[in-house]
Each structure stands twice: as structure tokens, then as C-alpha cells.
């Protein structure tokens, strides 16, 4: 999976898909009442990027729906997976549940069109703080209450704070997410700091967990990876996805002889909740 990083304005969807992304990551901010507000990152952000692009969440979700709805003039068939980087820092452990409910209702209304022929992309809820696991509980509850529990088949989960894997598993279980129930595990650092500085130890532990008989992870992705050497290192470590500001770099690496016969770009027909076994 080539995961386009920080796609916060609608026009950037085409920009990143044109460069080779089959997945995008979008930042979502929240107000003091736990209501999502904008698709917005703000400063600081990755080097070589403008940090202030934004849309109102409703507007972005409407544009995203069009980009992932077959038959729409804006449809991009390559775009199969969307990661919502949920900026829950201003939420408390008690308001996280409310935030999840409100975001679930918002997705149902603006992305899934009330469950009637909305966008088809798979969705990952990515949360930076393990203490906010109740966001997931609230999100699931909102869809169940609305009578659209079936849409949870399209929803996966990630904690992005580089926490201990055992603690991450516990937080997921507290949220009502079973082991290997649509679980992606991220690991990474801003591109302003070399990925060599962070190293790949935790990535390798996550891959080992994914491949073990008693793990909790379905897929592993590494962020934010823009340099050719770092892409190769991540692929060699066995990741399923690479989050990047430069999708074309990942495309070029995948076309190298070492990887060409072994790896390919995922399509909509590839279930992102199934662990890949080569």
C-alpha cells in the first residue's frame, strides 16, 4: 500500500493518486466539544510540506465520497483505503467516546450517505493516544445505533503513538476490538528526522507479531518514508504499507528488479484486513 501523507484538501486526492498512491491519510481536528472540525494538520508538519491546507470536514468527506464512488465523474478506482489521522490531543479519555460517536455519525451522513451507495473505500481510524481507546467504542456504537453495523466491515483500527505493542493490544481489546480484527499497526517518525535515527526495531517486532500464531496485528505500515534507501529498508523489513509524501518514489522502488516479482500494488479487491501470506 502506498499511503499518501497529509491529504487535507480535496484537490490533493487526485494529486496523490496521480503520483501512484492507492491510499491516502487525512488529518482530522476536533473542537472543545469533541466535534470534528477540519481536515487540517498545522505546524509543525513534515519537511518540504505546507502545513496549513484544510477543508471543513463535511466538505472533505463529500469530496472523498465522490472520489471513491463508482460511476461518479470524480471516481478514482485506485483509491481503496483512507487513514483518518485523528488529532484527539484536545480530547480527554472521557470525551473520546463522544468524539467517536460524533465522527461515526458524520461519516455515516457525509461519506456513506446514510448507508445508501456512499463511498466504497476501506477506512482506518488512527488514534495517537492509547488512553483515547473509547473513541473506537463510540464510533462503533454510533453505527450500531443507526442500524448500520454492517459498515464496520469497512473499518479498521490503528494506534499511531509508537507505544509498546503489548499496551497497544490491551487498548484495542478495551475498545472491543479483538486480536486481528482489522488491526493495522503503524510505526514511524517525521521525515524531518532520518528514519535511520529511529531505526526499524519496532517495525520488525510488529511484523513478527503479525506473522506469529498468537499476534494481534493484520498489517504493518511505516511513516513517513520519502527516501529511496528508507523505502527499500521498510520493504525488506516486511511492511505492508509505506506512508509517504512522494508516492512516485515508492512506485519506482517497486519497479526495481528486487521487488518487481515479489510485490505489487494493492487494489480494491485486496482485503486490507487479511494478513498477506506470500
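Just so you know, glycine gets a Cβ as well, placed from its N, Cα and C.
Here the structure is a predicted model, which means the values were calculated and not measured.
Per Swiss-Prot, these features apply:
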{"type": "ACT_SITE", "residues": "5", "note": "active site"}
{"type": "BINDING", "residues": "25, 27, 85", "note": "Mg(2+) binding site"}
{"type": "ACT_SITE", "residues": "41", "note": "active site, nucleophile"}
{"type": "DISULFID", "residues": "45-51", "note": "disulfide bond"}
{"type": "DISULFID", "residues": "47-192", "note": "disulfide bond"}
Counting Cβ atoms within 10 Å across all protein chains shown, which of the disulfide-bonded residues 47, 51, 192 comes out on top? 51
I need the neighbours of the Mg(2+) site defined by 25, 27, 85. Which other residues of that chain put their C-beta within 8 angstroms of the C-beta centroid, in sequence order? 5, 6, 7, 8, 26, 28, 41, 83, 84, 86, 87, 126
Give me the Cα-Cα distance between residue 27 (Mg(2+) binding site) and residue 41 (active site, nucleophile), rounded to a whole Å. 6
Secondary structure of residue 51 (disulfide bond) (DSSP, helix/strand/coil): coil
Would you mind reading off the Cα separation of residue 41 (active site, nucleophile) from residue 51 (disulfide bond), to the nearest angstrom? 6
Minimum Cα separation from residue 85 (Mg(2+) binding site), reported as the residue among recorded positions 5, 47, 51, 192 that achieves it: 5
Distance, residue 5 (active site) to residue 47 (disulfide bond) (CA atoms, angstrom): 12
Which of the recorded positions 5, 51, 192 has its Cα nearest to the Cα of residue 25 (Mg(2+) binding site)? 5
When DSSP states are folded down to helix, strand and coil, where does residue 41 (active site, nucleophile) land? coil
Looking only at 25, 27, which of these binding-site residues has the biggest number of Cβ atoms within 10 Å around its Cβ? 25
